[in-house]
Amino acid sequence: MPFETLVAGCLAYVALMFAVAFAADRAAERGRVRWLDHPLVYTLSLSVYCSAWTFYGAVGYATRSGLEFATIYLGPTIVCTGAWWGLRRLVRVARMHHVTSIADLISARFGKSNPLAALITLIAVIAATPYIALQLKSVRLSFEVFATETPQGAAPGGAFGGIGLWVAAGLALFTILFGTRNLAADERHHGVVTAIALEAVVKLLAFLALGVFVVWGLAEGPADMLDRIARAGRDPELAEGWLLRPDRWTALILVSAAALVTLPRMFQVMVVEAADEERLHVAGWAFPAYLFAMSLFVLPITVMGRELLPADANPDLFVLTLPAAAGQNLLAFLVFLGGFSAATSMVVVCAIALATMISNHWIVPGWLALRRRPAGEETEDLRGLVLNARRLAIIAVVGAGWVYHEASGGGAALASMGLVAFTGMAQVLPTMLGGLLWRGANRRGAYAGFGTGFALWLALIFLPSIGIGALPPLPERVDPLAFSIFLSLSLNTLVFIGVSIFGFPDPVERLQGLSFVSAVEPIRHSRMTRGEDRAEPLLAMARRVWGADPALRFFQAEAAQQGKSGYLPDLTPNFLTRLERRLAGSIGAATAHAMIDRVAGGVALTVSDLLQVADEAQRAKEEAQRLESATTELARTATQLREANDKLTALSVQKDAFLGQISHELRTPMTSVRAFSEILMTPDLSDEERARFAKIIHDEAGRLTRLLDDLLDLSVLESGRAQLTVTAANLHDLIGRALSAASATRPERSFTVERDMPSEHLPVITDADRLLQVLINVISNSRKYCDSDRPVLRIRARRSEQGGAQIDIIDNGSGIDASRQSLIFEKFARLNDPARAGGAGLGLAICREIMAVLGGDITYLPGQGGAAFRIELPRRPPAGAAQTHS
Amino acid sequence: MPDRPLFLERASFRRRRLGDAARVLPVVSALLVLLPVWWMPRLISFAAGAAWFFGLWAALILAVWALHRALLRAEAVTLRAEAAVVEAARERAAAQAAETGDTAARDSHGAF
């Protein structure tokens, strides 16, 4: 294919990517993120894992080492089988803390320590530089292949050297354009992610098309293919390399599993660009499926490449040379675009991730440390500073890759350069896992473990890979790479655990540890502020990071949440914590922490603060328990209230009835008084008649008086104005008088009265007349209502425990049913029909009032075989009652 | 604070067992990937190994897919059940409140 056509095709493809990224960013700006947020787009963006190393290098790797190439994809597959509880949790915790990179995650976990983040950034940069060089190299190689395959054979020789530079510059431009557009708190780049998803589709289609062509076009179907693979396995030249070595196999699966979560670019797409953990439900199986599809045809391509291509052909380029040699130029071009996509997407995401780390952990903290001014005087635009730092870092990262590419001249095989990066980032794994799973892990342990791993990786893997130093001599059966991996990772882990065990983390770290390990929202930060007027400087600071409008929106929302209007919320610990986490989303946890400390004034957390936090948790628990018991109490009260309500309702009905009744009661005698007085006015009456009518009038007036007396008596008693005449009396005498007085009620009935004479002789100190009134009333009631044929009245008196007296008056009638027992002492209560009772229904109410005034009580005794009342007298009336002593 | 219930109803029980399966799956898959190579490297290195690993791979993908589907459904069922319980409780409370309110209203008319 002519070089110019190739370049034109490439440029057209690049233009398409720019357009897609631009359109996606525009759509996201307008809030149309539903499609962009689709789990499928997320899954495809994860495919940035398959860089050019996969696309070209897998076949080369398979040529040299057979099935071992699959370790790079089996590792992530195993991690994905644990997506439900593993990756989801990682994403949830990271989103909770607005983590911006893997370095930020670890720094936030270990007490927001910036030096730790800076160290991790360092290993990431060292590991990534050869890796980026590798991508540039793959693009240059693919160009070379195509250009030398042109029929003219006159490729412009000097062009290839420039290709790396041109590609690097284009990628840097793309990354700066779409990767540093904003400094949003949630750090998502819709444009980049969408473009990468599209590139993932191109990669996959290209590789599958090639695979299908190889299996069905060059070979004769899958069965034939398996035969050829088996034959290749018997080839002594290959068999030695193809034989799987268990130690290498295990080490590589471990490292590639770690790479899925620790490589900066993977962390970027999987964690930082994820809106939530829900999308892992799809990605958990779809991403392994993608890897499966990308690996399925690697062995067939390897085998066919070896069979059909000359022996000196570079196996790393079989994917391109195979279709080209078969005359399938279009397919070859598609494959070329696939490889181009793989390389570019990796560089773009890697550059974004590294630039975020470099700016957040190197440049911005350094800048703030250099320009230490008193808080509040800073006016410079931090947002611009951070964005420019990122742009600079992108150029530096891509530039370093290009320099490395130029310097190394591209000698090493693709696969080994990729493995260097994988093993480097795998050193972060023990710290990361420990931080997420073990509350005891602390910063010193992290420094020590990670430092050990880093040093071993440099000495055993990185430096030898660029030709400096060498491994100490090993026994022949030990694989150097597997040995280095196991040694560095196990020492790393051991040192990390060992140092952590003997450390005592500071309070911030312990709070963060709790939040990370339990995957709960960070407990409120017990941060103190110097003054109440610091909200404005904080707003100014947030404005410098986010720009004016987003900062104002955030502050207004916070103020509204506190119930305040305007833009300045109170500096509550909750607000400060939220502000810090939002800021951390833009500039990293450590820097955000330091900045808020400077502006709002922070007092370092102390152990007693932590204890206070624990106290609060305890208090919250107790509060919950208290609430629970309060709820039960409430339920009880509600029941009581309902009972009271029922009673009130019944009484209300009775009262209505009684008002009618009392009017009637008053009206009846009045009517007869009026009628008979009219008759008396007629002159022609005999004296006898006159006397009779006068008596009737007299009787009726008496009835009226009694009724009114009762009412008056009751009202006097109720108001507590009753005068008591306290004397000593013998209870026996009182009962005797009461019985004889009450015998006037229904005198026609003969009652058997059972008395216990000896026990009745009790001296009582009370108002004898009032007590007598009560006794008469109760006994008359019995006489009135006892419905037995042979009525018996039992009276029992005894000394009560408190020293007073207790009198039970029990008849043998049918008693009062339970539903009415609570009502009988109410005013106007009358159980039977009024005519029969002949009273106004005030008797027992008066009794109760009298007993209350005397300091005693009268109650109904249920279950005595009839109506039974118990009258209780205290030793003497209460001192508070109005008394006149005689 | 209510203690953890001693026994779970069917939906939550099933969801937890599926959660257990999700925890076991990575271990099983790691063993299936690693053990054959330690056990019989010579046999597994060539065509037979390719068939084994790619077959296992496809099976794992299907397993994760099925597991996630089942877990999502179980989660939805549990959520619905919880929502139903909460809803029922709320209705009961509302009915009770209405009843009490009625009585109170009647009383305020009755008493004068």
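The backbone N, Cα and C atoms fix where each Cβ goes, and this holds for glycine too.
Not measured: the values here are computed from a predicted model.
Feature annotation from TrEMBL assigns coiled coil to A:607-654. Taken from TrEMBL, the feature domain 'Histidine kinase' applies to A:661-877. Residues or ranges marked as transmembrane segment in TrEMBL: A:6-28, A:40-63, A:69-87, A:116-134, A:154-179, A:191-219, A:285-305, A:317-340, A:346-370, A:410-433, A:445-469, A:481-504.
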For the transmembrane segment (A:317-340) against the transmembrane segment (A:69-87), do we get 3 or more Cβ-Cβ pairs below 8 Å once near-sequence pairs (under 6 apart) are dropped?
no
Per the definition of 3+ C-beta pairs under 8 A with sequence separation of 6 or more, do the transmembrane segment (A:445-469) and the transmembrane segment (A:116-134) touch?
yes
Can you see whether the transmembrane segment (A:346-370) and the transmembrane segment (A:191-219) are touching - at least 3 CB pairs under 8 angstroms, only pairs 6 or more apart in sequence?
yes
Grab the same-chain neighbours of the transmembrane segment (A:191-219) for me: Cβ-Cβ under 8 Å, and only residues 6 or more beyond its ends, written as numbers and ranges.
17-18, 20-25, 28, 36, 40-42, 44-45, 47-48, 50, 55, 175, 178-179, 181, 225, 228, 269, 273, 290, 293-294, 296-297, 300-301, 304, 308, 319, 322-323, 326, 328, 331, 334-335, 337-339, 341-342, 344-345, 348-349, 352
Counting Cβ pairs closer than 8 Å, which of A:6-28, A:40-63, A:116-134 has the most of them with the transmembrane segment (A:285-305)?
A:40-63
Near the transmembrane segment (A:40-63), which same-chain residues lie under 8 Å Cβ to Cβ, leaving out any that are not at least 6 residues past its ends?
69, 72-73, 76, 131, 134-135, 138-139, 141-142, 193-194, 196-198, 200-201, 203-204, 207, 238, 259-260, 263, 265-266, 269-270, 273-274, 279, 282-283, 286-287, 290-291, 294-295, 298-299, 301-302, 305-306, 314-320, 338-339, 342-343, 345-346, 349, 413-415, 417-418
